[in-house]
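What TrEMBL records for this protein:
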type: DOMAIN; residues: 35-422; note: domain 'Cation/H+ exchanger transmembrane'
type: DOMAIN; residues: 536-614; note: domain 'Cation/H(+) antiporter central'
type: DOMAIN; residues: 621-776; note: domain 'Cation/H(+) antiporter C-terminal'
type: TRANSMEM; residues: 21-39; note: transmembrane segment
type: TRANSMEM; residues: 75-97; note: transmembrane segment
type: TRANSMEM; residues: 117-137; note: transmembrane segment
type: TRANSMEM; residues: 144-164; note: transmembrane segment
type: TRANSMEM; residues: 184-203; note: transmembrane segment
type: TRANSMEM; residues: 224-243; note: transmembrane segment
type: TRANSMEM; residues: 263-290; note: transmembrane segment
type: TRANSMEM; residues: 337-362; note: transmembrane segment
type: TRANSMEM; residues: 369-388; note: transmembrane segment
type: TRANSMEM; residues: 400-419; note: transmembrane segment
Amino acid sequence: MPPVTTSANITFHPCFLRFDAASVSFSGKMVALIATYVLSRVVHHLLKPFSQPYMTSDLVIGLILASLPRARDSFTSLFSITLENIVDFGMISYAFVLGLEMDPYVVFKSPTRHAMVAYAGTVSTFVAACAITPWLHYLRNSSIITFTLSLSISLSGSGSHILTRLMTYLKVGKSDIGKLSIGAGVHSDMITMFSVVLSFVFFPLQETANFREGIKTSVQIGAALMLQTLLAAKISPVFMNWINQSNPEGKPLKGSHLVLSMAFMTVLCSLAPWMGYNSCLSAFMGGLFLPSEGRISKWTISRINNLLSTLFYPLFFFWVGLRVDISSFAVGNIGTWVRLFCLILIATIGKVGGTLICGLMLGYHRPELVAVGLLLTAKGHFHVYFAVDALRQGKIDVTTCISMVILIFLSVIHTPFVVKHIIERARKRVPVQRMTLRWLDPSSELRILLCLHGTHNLESGISLMEISRGKPAPGLFVHVTDMIELTEKIASTLVPGEGVDNMTITDNSVTEMRDEITRAFQTHINENVDGGIMLSRMLVLSTFNSMPHDISVLAEDLMVSLILLPFHKRVKADGTLDEGHPGFRHVNRKLLRNAPCSIGILVDRGFGFTERLSTSSVSKVAVIFIGGKDDQEALAYAGRVVWHPGVELTVIRFLVDKNSEHAPRRVNNRASVAEQEEEMKLDDECFAEFYEKYVAGGNVAYMEKHLANSSETYTNLMSIEGRYSLIIVGRAGRVNTVLTQGLNDWQQCPELGPVGDVLSGSNSASGTSILIVQLHNIKGQLDGLSDEFSIM
């Protein structure tokens, strides 16, 4: 075609015009896809308070953006075909991983309670759907038997991966109702997927000329699928075991073996599709019978799941929006809404009804069974793909497909609210677990996780163990734990120990340090303690970023009530503190936020009386009580210290002098008057109990100071420094802040709290050590409810 010349003597070539139009079209596509990714993440962040899964935001953004005229017009038929191929490949990968995470052999075992509940809910929903849906005219150009079976199976299924991740995220996966819901969801998902697999064998998608030809096609597809399944069940374990043995844990995966494994999985899942079977279902069957254990399988699951959640799911729902044009939904037709509500009722009543009947026969409680039934109605990505694929094949119309998508959307958004209702009911019925000193059963031994940085903490660590022992019965169980940073040097000395996950340190400096600490503690117990103390040795070897989590997990496993940590600063020769170690400071601060029990931080300025024990001298210890939950916990710890014969304990209570002329007229306090009065009531009750036990009998000295403001508090704190070898204080947790307001304006270490920071100032050389105590912070842990609560 010749160039075009305008009246302004500007010449355009048609090739450039076509290139420019293509560039504009391509840029429009990229803007739409990028906007899908960005907005889905933004909406998910906004929905975080409601604990909605990513599927909710991905679906909403995908449908809305794809329904915009400019976005729809930019996607030509050629690019739409490319997008469909990407989506089909993504769903093949999704189905493969879904099957790989399941265990098909549980079907052949005696059914567990999880399986019974799953089968009951699935069968009841399937029967209800088969009985009702043929009368509602959902189908378009499809056999009524094929369509009814497909729709009934879809309504009967559950999105196990959505349910599992949601229950885990909301920290109820370890509870009995969480285990029941997850187990039943996996069983339901596997059974319905397996039913879809069989239905596609007997009712293939391709049209056949006659009945005999249809039988022949079904036999060919069934034979190919059977061969693929046998290879996956019998041959793949041998091959995968060889790959796993050649690539042990701790060594990099060999590239050739990784490529060979991926090629084997691909060929295995391609056998049935060569005979005309659905590729997505073939991938599910291939993954279902592949070994799920082993390094290669775990690597495949993690990588594909990460790729799907990061890149594929937003793109998938954008494709769904392109396929199901929302503007085509027959909003004005009353029959549309009737059919939609019928679908919702079938899916809900069928699941809840079957779960309720079976659960009551098994002895479960009715309210929890209803909650489990509602959770099992949740659908997943495959159900959306299944509905859109039926539209693509011409089996249903757009309105029916949109109704299915709406049903799936509603089945997902309600699940977080059901889980939160479960937590609320559990909180009312199950006792709250508080790993604290104050709420410790008097007949139970005290378990302490005593953490050390090195041998320089020996003297103070042994002294803390001494004063924490309390009465000889029931005694004290101390887990002395070494906090060692995992460096490249230490990592190079690790060798496999006994057990799968155990490693042994061969670094001489570490082993010698640990042996020295063990000998010192054991020697002290043997020579100076007349029973009542049990000792165990622990090790936390990790980077500073993961050390807080490892210590928390260890504390949970050992069921300790108190973690004792060294301060990150060490005392210098002149008695002042150095700049400290930033890594250990990070560990302390993270543990203060997330520890599963009460926690104490010792600012050591030479605290120790192992030498004094031999000379029969007495150590003076004080506990300061201003008020608040942390001070109450500090007082509970002091209740154990008082039993030590080598300690002379003094309790100092700071009270507000409201009649003083120096009292502040206004206090910047966010707490209400009712909250302040409630705290004062609890403070008085706690202190009165301590007073009656120890002060009234003359075992503890008592001092009372009436102060007007935080300035007087600071003066009195400075005045008592140097008089005691150890001062015990609460970290914070005060509602009434009259006596501490303003102390934190010049804090050097906020993690110690206002009082602890004043007493442990780096410039002080008083020789007084400070123990800062914080009550178990139950925020973020189901408000004190154990993760393994039982309410069924």
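Placed from the backbone N, Cα and C atoms, the Cβ positions cover glycine too.
Long-range contacts of the transmembrane segment (184-203) within the same chain: residues 95, 98-99, 102, 104, 106-107, 114-115, 117-119, 121-122, 143, 145-146, 149-150, 153-154, 156-160, 163-164, 218, 221-222, 225, 277-278, 281, 284-285, 288, 355, 372, 375-376, 378, 380, 382, 386, each at least 6 residues beyond the stretch ends and with a Cβ under 8 Å from a Cβ of the stretch. Remote same-chain residues near the transmembrane segment (117-137) are listed as 111, 144, 148-149, 151-153, 155-158, 180, 183-188, 191-192, 335, 338-339, 342, 346-347, 349-355, 357-359, 362, 372-373, 376 (criterion: CB distance under 8 Å, separation of at least six residues from the stretch ends). Counting only same-chain residues 6+ beyond the ends of the transmembrane segment (224-243), those with a CB under 8 A from a CB of the stretch are 197, 201, 257, 260-261, 264, 268-269, 271-272, 274-275, 277, 282, 285-286, 288-291, 294-297. Helix, strand and coil residue tallies for the domain 'Cation/H(+) antiporter central' (536-614), in that order: 30 helix, 20 strand, 29 coil [DSSP]. Taking Cβ pairs closer than 8 Å, the transmembrane segment (75-97) reaches residues 25, 29, 32, 193, 265, 269, 279-281, 283-284, 286-287, 300-301, 304-305, 307-308, 312, 315-316, 319, 322, 381-382, 385 in its own chain, all 6 or more past its ends.
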